[in-house]
Amino acid sequence: MTKALNGVRILDFTHVQSGPTCTQLLAWFGADVIKVERPGVGDITRGQLQDIPNVDSLYFTMLNHNKRSITLDTKNPKGKEVLTALIKSCDVLVENFGPGVLDRMGFSWEKIQSLNPKMIVASIKGFGPGPYEDCKVYENVAQCTGGAASTTGFRDGLPLVTGAQIGDSGTGLHLALGIVTALYQRTVTGRGQKVTAAMQDGVLNLSRVKLRDQQRLAHGPLKEYSQFGEGIPFGDAVPRAGNDSGGGQPGRILKCKGWETDPNAYIYFITQAPVWEKICDVIGEPDWKTHPDYAKPAARLKHLNDIFARIEQWTMTKTKFEAMDILNKDDIPCGPILSMKELAEDQSLRATGTVVEVDHPTRGKYLSVGNPIKMSDSPTEVMRSPLLGEHTDEILRQVLGFSDQQVAEVHDSGALEPPRKAAAAE
C-alpha cells in the first residue's frame, strides 16, 4: 500500500531529540529520510545513556526508525559536492543546529534556493527572534522558559518540569506539521519556503490553558483551583495547582488500595457535573445530591478538598483498575496512573502499534513507541534505526546516481570516512 508521504525525500541534519522526532514521524508516513551524520561519530545520542556497551543506545534507536544513514564530512570539498547534490535531489532539509551553522557551512537560505528553488528548509530553534535567540536550549530549559515549569508542581513547592518531553518531542511534532503544510502549499506555488519552530513557542502552545488562566486572573480568582476553596489569595501570576484539573471540571489524583507499597496505586478522578449524582451514589453520599454545599457545581468549589477527601476514602478500598471498572460503568471520568512497566506490558497497545517490538542487528529486540497517528490508507511499519553510515554507498548510487568509480573517489577523499592508507613499504 502506498504511504502518505511516498516520494518525498528529506535531508535530515537533525540530532538528539527534537529534530529526530520530526523526521521520524515523516519517515513513518513514508518519506525517504536521509540522515546525515559525521563520519566515525554520528548523532551524539548513539553513545548517550547506553545500557549495552558498544551498541547504539535506545535514546538513538527510538528516535531514528525508518531512516537511512549517510556519513558525510561537510567541511571536506568532496563532501560539499555530495551535499550540494543531495540538496538538489531532496524536497526538504531539516536541521536543529545552533543559529548560523548552515550559513557557516556555506549553505545559506539564499544558496539553497539557488540550488533547489523547491526545497523547504525546516529548522528547530530554542527561541524565536528576540533577546534570547542565540541562547542554547534543551528540553528542561524550554519547559522553564515556555511557561510549563512555573505552572507545574504544588503551590508551596518548587516549579517542576514534566516527565513528558514537551519541549523536544513536542516541538518536533509542531515542525512536522509545518513541513507537511509547506509541502502542500508548494503544490500551489511551486516554491519552497522556510519553516521554523521555536522550542519556547512550542511549549507555550502546549501550555495555552495557563495563558488563558493568566488573563482570567484580571477578573477574579480561579475558582476551580484548590487554593480558592482554601481561602488563599491569588497573586498576579498563574499559580502552581498540583494535580487540579486544567479544564473546567475539578479533578485530583487519589490513592487506591495498595498505595502504601505501590508508588503508582493512584487514580485520576474528575467530578464532572453531569454525573455528580452518580458519584454521590458510588461513594455512599446520596444526601449530597440535594445538600446546598454540594448539589451545584458553583457551591462545590469551596468544598473541593472535603469532597475529594471523601472520594479518596472510597478509592482506597479499591485497586485502581477495580475503581476504573466501577466508575466507567457510570461514565464517571477517571484514569489509573499507569507505570511505564504497565504500559510496556499492555497488550492492547501492542495490538494497535502504539508500542512495538523492534529487532536490531547489534542490540537485539527492544520496545519502542510506534506512530501515535493511525491512518487507514497509510499504515505504519516501524523499521529499525540505521547503523552509522549503513546506507552511504546506497544513497550515493541510488539517489545521486554515482558510478562505482565516483563512489570510490568520494571514499578516498575522506568525505565519508578517513581516507584509505596505502600499506607501509616493507
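From the backbone N, Cα and C atoms, a Cβ is placed for every residue, glycine too.
As written in Swiss-Prot, here are the features:
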- Asp168: active site, nucleophile (ACT_SITE)
- 17-18, Arg38, 72-75, 96-98, Arg104, 136-139: CoA binding site (BINDING)
- Gly247, Gly248, Gln249: substrate binding site (BINDING)
Rounded to an integer, what is the Cα-Cα distance in Å between Arg38 (CoA binding site) and Asp168 (active site, nucleophile)?
22
Length of the line joining the Cα atoms of Gln17 (CoA binding site) and Asp168 (active site, nucleophile), in Å
6
Would you list the other residues of this chain near substrate - those whose C-beta lies within 8 angstroms of the C-beta centroid of Gly247, Gly248, Gln249 - in sequence order?
Glu224, Ser245, Gly246, Pro250, Gly251, Ile270, Gln272
Around the C-beta of Val137 (CoA binding site), how many further C-beta atoms are within 10 angstroms, looking at every protein chain?
25
Gly248 (substrate binding site) CB neighbourhood, other CB atoms within 10 A
10
Measuring Cα to Cα, how many Å separate Val137 (CoA binding site) from Gly247 (substrate binding site)?
30
Here are some binding-site residues: Arg38, Lys75, Arg104. Which one has the most Cβ atoms within 10 Å of its Cβ?
Arg38
Taking just the CA atoms, what is the gap between Phe97 (CoA binding site) and Gly247 (substrate binding site) in Å?
37
Secondary structure at Glu139 (CoA binding site), reduced by DSSP to three states:
helix
Those recorded positions from Asp168, Gly247, Gly248, Gln249 that fall inside 10 A of Glu139 (CoA binding site) by CA distance are Asp168
Could you round the CA separation between Lys75 (CoA binding site) and Gln249 (substrate binding site) to a whole angstrom and send it over?
57
